[in-house]
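K.L.:
Structure below; questions to follow.
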C-alpha cells in the first residue's frame with residue numbers, strides 16, 4: 001500500500017481525519033556550546049530591540065550584593081573579637097554562600113511586592129485578530145489517559161468558543177512505554193476526536209522510541225511538523241490553561257517580533273493531600289511575590305520552566321537544539337533539565353525570553369507527598385547539577401548564567417545549610433570540650449581569646465530570619481491588604497491561621513527535604529543516574545514500612561544531631577529543636593502529609609484554602625467533570641489479543657501508529673527488536689506469542705505494523721493438528 005493510499009485509509013478509519021497531519025520536515029541542529037554560532041545574535045527589527053533596563057538589575061542584584069556584603073561583614077565582626085579560628089573561617093564562608101542565596105530572593109520579593117501593589121494594566125491586545133498558527137503540545141509519559149485527554153478536550157472546546165480556534169492545532173505527544181496505557185491512550189483519543197472534530201483539530205502520536213525524554217519528544221515534533229507553525233505552546237501532562245490565557249500568549253507573541261519565549265507563572269490546583277494543599281497555599285500566597293519580582297528585573301532575559309509557555313518556532317528550531325554532553329550520565333549524555341538551557345540558548349541567539357507575571361489563567365498540579373516530591377527532585381537535581389557543564393557556554397547572557405546558577409543552588413543549598421549547621425555544632429562542642437589555646441606557636445605578648453560578640457550575633461540572626469521569611473511576609477501583607485483576596489481564602493482570620501500552620505509544617509518538612517536533597521547530590525556525585533519514572537499525581541499514601549525504609553537515615557541523622565547537641569547543653573538542643581523535631585517525626589509527617597483524608601479534613605475546616613480551591617475557574621470544573629466521563633469511557637481497556645482478533649480494531653490501531661520507522665535503513669537492529677522478531681517467527685499461535693512477550697516487547701509490537709500483521713495471520717489458539725515438528 002502506498003503512503004497516499006494509507007493516508008486515505010486513515011481518514012476513513014478515524015473520525016476527523018488522520019492521527020497526525022502531513023509532515024513538513026525542518027532542521028533543528030544541536031547547538032555548539034564551545035563557540036558562538038554564525039549569525040548570532042540576530043538583529044532586532046524594532047527600535048531598542050532586545051534591551052533591558054539596567055536600573056532594575058541594579059536594584060535587585062545590586063541590593064542583594066550590598067545586603068550580603070553587610071551580613072558577611074557583620075558575621076566576620078562576630079568572630080573577630082578574639083581572632084578568627086579555622087572553624088570560624090569555614091562557618092563564615094558557608095554563611096556567605098547561604099546568605100547570598102536568600103538575599104537575591106529577598107530583593108526580588110521587594111520588587112514583586114511593590115509591583116503587586118499597583119493596579120494591573122488593561123490588556124491592549126485582547127481584541128487582536130490572530131493571523132499566526134500555533135501548535136499546542138501536550139507531552140505525556142505513562143500518565144493516566146483520562147487526565148490528559150479530558151484536559152485537552154475542555155481546553156479545545158473553550159478555545160473554539162473564542163473565535164480564535166482556527167489559529168490553533170492540538171497535539172498529544174506520547175512517550176508512553178507501558179503497553180496497557182498506550183492502548184488506553186488510543187481509546188481516549190477516539191473519544192476525544194468524537195467530541196472535538198467539529199470545532200478543533202486534535203492529533204495524537206506515540207513515539208516508538210523515547211530518545212532524550214521530553215526534550216526529545218518535542219524536538220521530534222519540531223523536526224517533522226514544526227515548520228507548519230509559527231509558535232509552539234508547550235503544556236505538561238497536568239497542565240490546564242484558560243482560553244483567554246492561550247490567546248493572550250499568542251497575541252503577545254504575534255505583537256512582538258523579538259519575542260522568542262513567553263513563560264506564564266502557573267497556579268497550583270487540584271491538591272487533595274495535605275502536602276499538595278500546603279504547596280498550593282504557599283505558591284498562591286508567596287509565589288506571586290517572587291515570580292513577579294523575578295519577571296520585573298530579568299525583563300528580556302527571563303527563564304523557561306518547561307511548560308505553560310509559548311515559544312516562537314523559528315527561535316526554538318534555529319537556536320535551541322540540544323547537544324549531547326560528553327561522557328555518561330549523570331553529568332553527561334542527554335540534557336535532563338532542558339528548559340533552562342533552551343531559554344539561555346534562545347536568548348543567546350538574540351530573541352527575548354519574558355516571564356508574563358501579569359497573565360493569569362495558567363494551572364498545573366504538584367506532587368502529593370514528600371516521597372513523590374523526592375522522586376521528582378532527584379531527577380531535577382541531576383538535571384540542574386548537569387548545568388555546571390552548560391555554564392561556560394560561549395555567548396550566554398550573564399542573567400542566563402545566573403538562572404543556571406540559581407537552579408544549581410536550589411539543590412546545593414541543602415548541603416551548604418547542613419555544613420553550616422554541622423560547623424556551628426562543632427564550634428559549640430569545641431568550646432565545651434576542648435581547652436582553649438591562648439598562646440599559639442607564633443610569638444605574641446597577648447593571648448588569643450576564643451570569644452564572640454553575642455549581641456551582634458543575635459542581631460544578625462534576626463536580620464537573617466527577616467531576609468529568609470521576607471517574601472512570606474510580603475505575601476501575607478498583600479493578602480491582608482486586599483479584602484477580596486482575603487475573602488477568597490476564607491477571610492483574614494482563616495488566612496492568618498493558615499499562614500501560621502504553613503510556617504510550622506514547612507519548618508518540620510524543611511530538614512527532611514534538606515537531607516533528601518543532600519542524598520540526591522551525593523548520589524549524583526557518586527555517578528548514579530536518576531532514570532525516568534512516571535509521576536504519581538493524586539494519592540500520596542504509602543505503607544508505613546515503606547515510609548520507615550525511605551526515612552530511616554533522616555531519623556538516624558536527627559537522633560545523632562540531637563545527641564551531639566545535648567552533649568553541649570539543653571540550650572543548644574532547644575535552639576536546634578525546630579530542625580530536629582522534623583527529622584525525629586519524619587515517618588509520621590510523611591504519612592500524614594501524603595494522606596487524602598487528612599487533606600480533606602483541613603479543606604473542610606478551611607485551612608490552607610486558595611481562591612482556586614474555593615472558587616475554581618470554569619475550565620477547572622469542566623476538566624474534573626470531563627475526566628470522570630473519560631474514566632467511564634475507557635474502563636474496559638483494549639488488549640493486544642483483542643486488537644489481533646478484531647480486524648476493525650486492528651485498522652483503528654494501525655491508523656494511530658507512528659509512521660516513522662523504528663530505525664533508519666541499514667542501522668543495526670537492537671537486541672529487544674531481534675528477540676521480538678524471533679518470538680513472532682517461532683510462535684505457533686497468537687496465544688503462545690502473547691504469553692512470551694514482556695511489557696517492553698509488547699510495547700514494541702504495538703508500534704510495529706509488520707509484526708502485528710504477522711501475528712494477525714497466526715491462529716488465535718493452538719490446536720494439536722497444527723503441531724509442527726522440527727528435527
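Please read every residue number as a count from 1 along the shown chain.
Cβ coordinates are placed from backbone N, Cα and C, and glycine is handled just like the others.
Here the structure is a predicted model, which means the values were calculated and not measured.
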K.L.:
Looking at 215-235, 236-256, 257-277, 278-298, which one is transmembrane segment according to Swiss-Prot?
P.N.:
278-298
K.L.:
According to Swiss-Prot, which listed range is transmembrane segment: 433-453, 496-516, 517-537?
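P.N.:
Result: 496-516 is the stretch Swiss-Prot calls transmembrane segment.
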K.L.:
Labelled transmembrane segment by Swiss-Prot, one stretch among 6-26, 27-47, 90-110. Can you tell me which?
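P.N.:
Of the candidate stretches, Swiss-Prot labels 90-110 as transmembrane segment.
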K.L.:
Transmembrane segment per Swiss-Prot sits at which of 366-386, 387-407, 408-428, 597-617?
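P.N.:
It is 408-428 that Swiss-Prot annotates as transmembrane segment.
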K.L.:
Name the residue range among 320-340, 341-361, 551-571, 572-592 that Swiss-Prot annotates as transmembrane segment.
P.N.:
572-592
K.L.:
Cβ pairs under 8 Å with the transmembrane segment (496-516): which stretch of 58-78, 278-298, 572-592 has the most?
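P.N.:
Answer is 572-592, with the largest number of Cβ pairs below 8 Å.
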K.L.:
Could you give the residue numbers and ranges of same-chain residues that sit at least 6 residues beyond the transmembrane segment (460-480) on either side and whose C-beta is under 8 angstroms from one of its C-beta atoms?
P.N.:
67, 71, 74-75, 78, 99, 102-103, 105-106, 108-110, 112-113, 116-117, 285-290, 486, 489, 492, 495-496, 499, 503
K.L.:
List, by number or range, the same-chain residues at least 6 past the transmembrane segment (278-298) whose CB is under 8 A from its CB atoms?
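P.N.:
That would be 52, 56-57, 59-61, 105, 107-113, 115-116, 265, 267-269, 271, 354-358, 366-367, 399, 403, 471-472, 474-476, 478-479, 489, 498-499, 502, 505-506, 509, 593, 608-613.
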K.L.:
Excluding the flanking five residues on each side, which residues at least 6 beyond the ends of the region 'Disordered' (18-42) place their CB within less than 8 Å of a CB in that stretch?
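P.N.:
Apart from its flanks, the region 'Disordered' (18-42) reaches 7, 10-11, 50, 169, 171, 189, 201, 203-205, 219, 222-228, 316-324, 345, 348-351, 390, 392-395, 655-656, 658-659.
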K.L.:
For the region 'Disordered' (18-42), give the DSSP counts of helix residues, strand residues and coil residues.
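P.N.:
The breakdown for the region 'Disordered' (18-42) reads 0 helix, 0 strand, 25 coil.
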